[in-house]
Ligand SMILES: Nc1ncnc2c1ncn2[C@@H]1O[C@H](COP(=O)(O)OP(=O)(O)O)[C@@H](O)[C@H]1O
Ligand SMILES: Cc1cn([C@H]2C[C@H](O)[C@@H](COP(=O)(O)OP(=O)(O)O)O2)c(=O)[nH]c1=O
């Protein structure tokens, strides 16, 4: 149960539909009178957006990639996410740390224990505990269908250019993260039409205690 604002992350392989549906949820929450911050990782601050450009286009070794992801996340948490939550706002974030476990961990094969250490450093809260989303919407889609949706939709970046086998490992990584913290996750079947996926996202939120709360 969140003590201040609400932090919701959107996760899934590239092409699963996260960016398409984040706006719809933002509209629904604004209609409840809430202030919504829409943001993304890697990115969300001037510094983190510079790191994003490097991460998405420059070749680097897996440790370097993991460290830059967490460096961008640290700045994003300090400059944007924590202040917004302290003001009682809703933060909708297109990807967060589950993506690092799924992509750098399961996709690239980087050591999961090292990622867990970085997670605890970077997301440490001042009075103890580790910042995690209150809800993570995992858009689960067959990588072959995601690849079809992305084909021709945009110029692929370093990650989007990976083969389907990479995205199968990433998807397994998300399933693994869900199994370790099932209460935080809602799995959204992303294979349906835009309308059914939109309803699935809203249904996942409706079951949460904060859904009916009035804006602070
Ligand atoms: N339910 C859906 N059915 C068919 N196409 C979809 C659906 N959801 C999204 N798309 C399309 O698939 C592509 C990838 O969606 P996007 O939201 O950018 O994915 P992501 O942000 O997860 O990478 C876009 O061209 C989008 O219009
Ligand atoms: C946050 C994060 C993203 N990524 C990757 C996944 C995506 O391929 C890429 C950028 O994410 P995303 O913003 O979803 O890209 P797009 O808007 O083009 O769909 O960064 C990681 O590998 N690790 C991470 O920790």
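A Cβ is built for glycine as well, from the same backbone N, Cα and C atoms used for every other residue.
Heads up, TrEMBL stuff is auto-annotated, nobody curated it.
In TrEMBL this protein carries:
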type	residues	note
DOMAIN	10-200	domain 'Thymidylate kinase-like'
BINDING	12, 13, 14, 15, 16, 17, 18, 19	ATP binding site
Residues sitting within 8 A of the centre of the 12, 13, 14, 15, 16, 17, 18, 19 CB atoms (ATP site), not counting those, run 139, 141, 146, 190
Considering only the binding-site residues 13, 14, 15, 16, 17, 18, which possess a Cβ situated under 6 angstroms from at least one atom of ligand 1? 14, 15, 16, 17, 18
Candidates 13, 14, 15 (binding-site residues) with CB under 6 Å from ligand 2, in sequence order, are 14
Taking 10 A as the limit, how many CB atoms besides its own sit near the CB of residue 15 (ATP binding site)? 23
Could you tell me which of these binding-site residues, 12, 17, has the fewest other Cβ atoms within 10 Å of its Cβ? 17
